[in-house]
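J.: I have a structure here, written as C-alpha cells, and I will follow up with some questions on it.
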C-alpha cells in the first residue's frame with residue numbers, strides 16, 4: 001500500500017473512532033462505525049493472499065451485520081420513545097439487539113467465530129489495530145449505555161468468553177490466533193464488570209491495549225508468527241525476548257506486574273456486589289489462559305529446540321527496533337507501583 005493511501009486509511013480510522021466516541025445521536029454513531037470498517041478493510045486485504053482476502057470478506061460481512069443491527073436497534077428505540085439520543089435507550093428489545101450487535105463487533109461469545117480467523121489472515125500490524133483501536137468505539141458505546149444493558153446476559157456472555165478464550169487457546173501454535181483467544185478472554189473480564197463499574201471496564205481496556213500493543217510490536221520487530229520461529233528467536237534479539245516474556249506474564253495477570261491490577265480490582269468489585277460465584281468462576285477460568293501464556297513464555301526464553309527444527313529457516317534482517325517498544329515494555333512491566341495514581345485519574 002502506497003503512503004498516501006495508508007495515510008488516508010489512518011485518518012479515516014481516527015475520524016471514525018472520534019465521531020463514534022463524541023456523538024450522542026445514533027445515526028452519527030452508526031456513521032462512525034461504518035467509516036471505521038471501511039478504513040480497516042484495505043489494510044486487512046493488503047497482502048493480496050487468499051487467506052487475507054478470506055479474512056477481509058469475513059470481517060466485512062460480520063461488521064456489516066453488526067452495524068445493521070445497531071441501526072435496527074436505534075430505529076426500534078426511536079419508534080417507541082421518539083428519541084435518537086444514546087442516553088434514552090429504554091426499549092427492552094432495543095437493549096437486547098444493541099448488546100448482540102456490540103458483542104458481534106467485539107467478538108464476544110457466541111459471536112466470536114470471525115475474530116481468530118480474521119487476525120490469522122492479517123499482518124501483525126493490522127492485527128494490532130483490530131485488537132486495540134477497532135475495539136474502542138464498541139467499548140465506548142457500551143460505556144455510554146451501560147445503565148440500559150441486561151446484567152445477567154452480560155455476565156453469561158462474559159463467563160462464556162473467559163471459558164472459550166482460555167480453552168481454545170490451549171492447542172494453538174499460531175501466535176496471532178493465541179492472541180485472538182487472549183483478546184476474547186479479556187473481553188469477558190471487561191463485560192462482567194461493565195454494569196457495576198464502567199470505569200473499571202475502561203481501565204481494563206486501556207491496560208489490555210498497552211500490553212497487546214507491546215506484544216504485537218515486539219513480534220513484528222522480530223518477525224515471529226508461530227511457535228517454531230518463537231523458539232529460535234532468542235538467539236537474534238535476547239533483550240527483546242526477555243521483555244516479551246515479562247509482558248506475556250503481565251498479560252496473564254501475574255503479580256507484581258501491571259496486568260494483575262485490573263483482575264484484582266474486578267474480583268474485589270464482584271465480591272462487593274455479592275457476585276462471589278461469578279468472581280470464583282472467572283478466576284478459575286483465567287487459569288486456562290495462564291497455561292498458554294506460560295507456554296509462550298517458556299518457548300520464547302527458556303527452551304532450546306532439542307533437535308534440528310523441521311521448518312524452513314527464515315532470513316533475519318536486522319531491522320532497527322522501534323524506540324516505542326522499550327517505552328511500552330517498561331510501562332507494561334513496571335506500572336503497578338503507580339496504580340493509586342492511575343485509579344485516582346480515571
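Using N, Cα and C of the backbone, Cβ positions are placed for all residues, glycine too.
A quick note: this is a predicted structure, and the numbers were derived from the prediction, not measured.
Straight from TrEMBL, here's the annotation block:
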type	residues	note
TRANSMEM	7-23	transmembrane segment
DOMAIN	23-288	domain 'NADH:quinone oxidoreductase/Mrp antiporter transmembrane'
TRANSMEM	57-76	transmembrane segment
TRANSMEM	96-115	transmembrane segment
TRANSMEM	152-171	transmembrane segment
TRANSMEM	178-196	transmembrane segment
TRANSMEM	202-219	transmembrane segment
TRANSMEM	240-258	transmembrane segment
TRANSMEM	278-302	transmembrane segment
DOMAIN	290-343	domain 'NADH dehydrogenase subunit 2 C-terminal'
TRANSMEM	323-343	transmembrane segment
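Describe each of these features in terms of where it is and what it packs against.
T.: Through the fold, the transmembrane segment (7-23) approaches residues 1, 29, 31-40, 42-43, 86, 129, 133, 136-137, 140-141 of its own chain, all at least 6 residues removed from its boundaries and within a Cβ separation under 8 Å.
Tertiary neighbourhood of the transmembrane segment (57-76): same-chain residues 26-27, 29-30, 33-34, 37, 40-41, 44, 84, 91, 93-95, 97-98, 100-102, 104-105, 111, 114, 117-118, 121, 141, selected by CB-CB distance under 8 Å and a gap of 6+ residues from either end.
Residues 33, 58-59, 62-63, 65-67, 69-70, 72-74, 76, 89, 130, 135, 137-139, 141-142, 145, 148-150, 153-154, 157-158, 160-161, 163-165, 180, 183-184, 187-188, 191 of the same chain, all 6+ positions outside the transmembrane segment (96-115), place their C-beta atoms under 8 angstroms from a C-beta of that stretch.
For the transmembrane segment (152-171), same-chain residues at least 6 beyond its ends with a Cβ under 8 Å from one of its own Cβ atoms are 96, 99, 103, 108-110, 112, 116, 177-178, 181-192, 194-195, 275, 278, 281-282, 285-289, 291-292.
If one looks beyond the transmembrane segment (178-196) by at least 6 residues along the same chain, the residues whose Cβ comes under 8 Å of a Cβ in the stretch are 106-109, 112, 115-116, 119-120, 127, 131, 135, 139, 142-143, 146-147, 149, 151, 154-155, 157-166, 168-169, 172, 204-205, 208, 212, 215-216, 251, 262-263, 266, 269-270, 273, 278, 282, 285-286, 288-289, 292-293, 296.
Sequence-remote contacts of a segment are chain residues at least 6 beyond its ends whose Cβ falls under 8 Å from one of its Cβ atoms, and for the transmembrane segment (202-219) they are 124-125, 127-128, 131-132, 135-136, 139, 143, 175, 179, 182-183, 186, 189-190, 193, 225, 240, 243-244, 247-248, 250-251, 258-259, 261-262, 265-266, 322, 324-325, 328-329, 331-332, 342-343, 346.
When Cβ-Cβ distances below 8 Å are used as the criterion, the transmembrane segment (240-258) is approached by residues 182, 207-208, 210-212, 214-215, 218-219, 221-222, 233-234, 264, 286, 289-290, 293-294, 296-297, 300-301, 321, 325-326, 329, 331-336, 339 of the same chain, each at least six residues removed from its ends.
If one looks beyond the transmembrane segment (278-302) by at least 6 residues along the same chain, the residues whose Cβ comes under 8 Å of a Cβ in the stretch are 155, 158-159, 162-163, 165-167, 169-170, 172, 175, 178, 181-182, 185, 188-189, 192, 227, 230-231, 233-234, 241-242, 244-245, 248-249, 251-254, 263, 266-267, 270-271.
In the predicted model, the domain 'NADH dehydrogenase subunit 2 C-terminal' (290-343) shows an average pLDDT of 73.
Listed by sequence, the residues of this chain that lie at least six past the ends of the transmembrane segment (323-343) yet keep a Cβ under 8 A from its Cβ atoms are 203, 210-211, 213-214, 217-218, 221, 240, 243, 246-247, 250, 255-261, 265.
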